[in-house]
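*Asks:* Please see the structure below; I have some questions.
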Amino acid sequence: MINLPKGTRDYSSIEMNKRNYLIQIIQKKFELFGFEPIETPSIENISTLIGKYGEEGDSLIFKLLHSGDFLKKQILDFLKKTKNDQRIINNVEKHFTEYVSNKALRYDLTVPFVRYIVMHKNKIVFPFKRYQIQPVWRADKPQKGRLREFYQCDADIISFSSSLWEEIELIQLCDEIFTKLNFPIIIYINHRDILKGLVEIAGIKNNLWKNFTTSLDKWNKIGRNLVKKEMLSKGITSLSFDKLEFFFDMEENFYNKKKHLTIALQNSEIGKKGIQDISFIYNNIKNISLKKTKLEWNLSLARGMSYYTGTILEIVPFYNKSFISIGGGGRYDQLANLFGINNTYGVGISLGLDRIYLAMEHENLFHTISNSPSKVLFINFGNEEVLYAYKMIKFLRKKGISTQLYPNAEKIGKQFRYANNKNIPFAISIGKNEIHKNKIRMRDLQEKTEKEYDNINDVVDQLTKKL
């Protein structure tokens with residue numbers, strides 16, 4: 001029996017038309033906001049990726065084995081060393097991986113992008129606004145909305161100075177994209193400095209910061225009780241948790257949340273900085289306004305990636321908050337430091353193409369997308385008729401109208417059924433009768449009407465109006 005690896009899938013032509021529709025809109029909006037495209041390899045050195053995502057993220061990196069004789073030699077060397085090295089025996093999985101693999105499939109697009117910046121910094125004009133639409137891989141447990149291979153659509157800004165207008169631009173960008181898709185969203189916003197301030201007043205030790213954020217980020221997914229249980233298991237005390245629980249459950253408007261936090265964090269300089277940043281973004285977004293997007297301050301939002309340093313964002317469908325996240329992002333001002341470049345500031349958003357696809361299918365928002373890119377089907381009456389009609393087929397294609405010819409002179413009804421099944425909106429018939437009368441017969445398959453035209457230019461005019 002032939003199967004796909006778990007967490008991967010095929011896409012039919014119908015599904016690809018819908019995915020391409022999404023990609024085209026996202027790409028156009030990225031470029032509308034001044035972002036430029038780049039691509040990076042699917043494979044990165046493990047040293048580039050490890051240590052950038054936190055312990056949980058690092059464990060989900062797909063590592064690639066060495067191949068051929070080199071792999072055989074490495075395994076033999078490893079076995080020889082294992083006999084006498086207690087250090088290796090005690091952590092055999094880690095050390096064996098280092099022997100047999102030094103490359104991996106990329107986990108996200110952000111870290112490879114920063115690596116790209118470091119390698120090409122002398123050729124780049126800063127601030128650098130880039131977008132990237134490529135697949136990533138994660139060795140995660142497959143489930144609905146969670147594949148092992150999936151596409152991300154990223155837009156990021158790297159510069160040598162920090163500006164909160166960059167966050168505002170990214171929020172506006174998301175609003176433009178989802179307005180075009182007619183798909184209302186909520187963008188949850190929070191700030192790592194606010195969370196650091198809360199950790200500070202709760203007496204949570206600095207070495208538990210990563211444990212805290214990783215667990216907190218699951219608040220809306222697994223609920224308060226399981227988050228508390230996980231935090232306690234990672235060394236965070238019940239007293240510390242109880243001090244902060246009020247903030248994570250708070251269902252107040254922006255200004256009441258700000259009021260409570262301002263009082264709680266009055267002695268935390270880093271916490272006050274986070275409140276100032278969020279206030280700046282929120283107030284300016286309110287003045288500029290959004291179309292299909294609601295901006296909501298969510299204090300339980302933490303984002304699992306360890307490289308975030310400031311503003312953090314998460315995107316969910318407006319009409320189905322419990323649906324899986326369809327995008328996220330934030331500020332990562334220190335990530336380039338890990339590659340040896342200081343004083344760089346980064347911020348970006350990442351949209352999950354596959355999750356947006358699922359969410360739009362769920363809301364039945366693809367009903368206007370055709371099963372085929374073709375707009376016109378030429379009915380095949382035989383070789384003589386096709387040869388006569390072919391100059392018209394070429395003319396329509398020259399005008400940018402996607403046109404196909406049915407390959408065989410089969411029953412007319414079968415050819416029309418094919419057009420209907422593929423959602424091709426128009427069919428053109430040029431048989432012996434039409435050739436004799438010097439006419440072109442076009443049927444509108446959606447309106448179920450038919451009309452004769454004197455020349456191909458009239459056909460183009462009609463198609464241009466309708467398409």
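A Cβ is built for glycine as well, from the same backbone N, Cα and C atoms used for every other residue.
From TrEMBL, for reference:
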BINDING   Asp108, Leu109, Thr110, Arg138, Gln152, Asp156, Arg303, Tyr307, Tyr308  L-histidine binding site
DOMAIN    1-373  domain 'Aminoacyl-transfer RNA synthetases class-II family profile'
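Distances, neighbours, how buried they are, the whole picture for these features please.
*Replies:* Neighbour list (Thr110 (L-histidine binding site), Cβ cut-off 8 Å, at least 6 residues apart, same chain): Asp154, Asp156, Met305, Tyr307, Tyr332, Leu335, Gly346, Gly348, Ser350.
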*Asks:* Would you work out the biggest C-alpha to C-alpha distance among Asp108, Leu109, Thr110, Arg138, Gln152, Asp156, Arg303, Tyr307, Tyr308, the residues that bind L-histidine according to the record, and give it in angstrom as a whole number?
*Replies:* 21
*Asks:* Across all chains shown, how many C-beta atoms besides its own are within 10 angstroms of the C-beta of Asp108 (L-histidine binding site)?
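*Replies:* Excluding its own Cβ, Asp108 (L-histidine binding site) sees 19 Cβ atoms within 10 Å.
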*Asks:* Within 10 Å of the Cβ of Tyr308 (L-histidine binding site), how many other Cβ atoms can be counted across all chains shown?
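*Replies:* Excluding its own Cβ, Tyr308 (L-histidine binding site) sees 26 Cβ atoms within 10 Å.
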*Asks:* Please give me the CB contact count at 10 A for Arg303 (L-histidine binding site), counting all chains in the structure.
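*Replies:* Result for Arg303 (L-histidine binding site): 22 other Cβ atoms within 10 Å.
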*Asks:* Would you mind checking how many other C-beta atoms are within 10 angstroms of the C-beta on Gln152 (L-histidine binding site)?
*Replies:* 20
*Asks:* Average pLDDT across the domain 'Aminoacyl-transfer RNA synthetases class-II family profile' (1-373)?
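*Replies:* A mean pLDDT of 89 is what the predicted model shows over the domain 'Aminoacyl-transfer RNA synthetases class-II family profile' (1-373).
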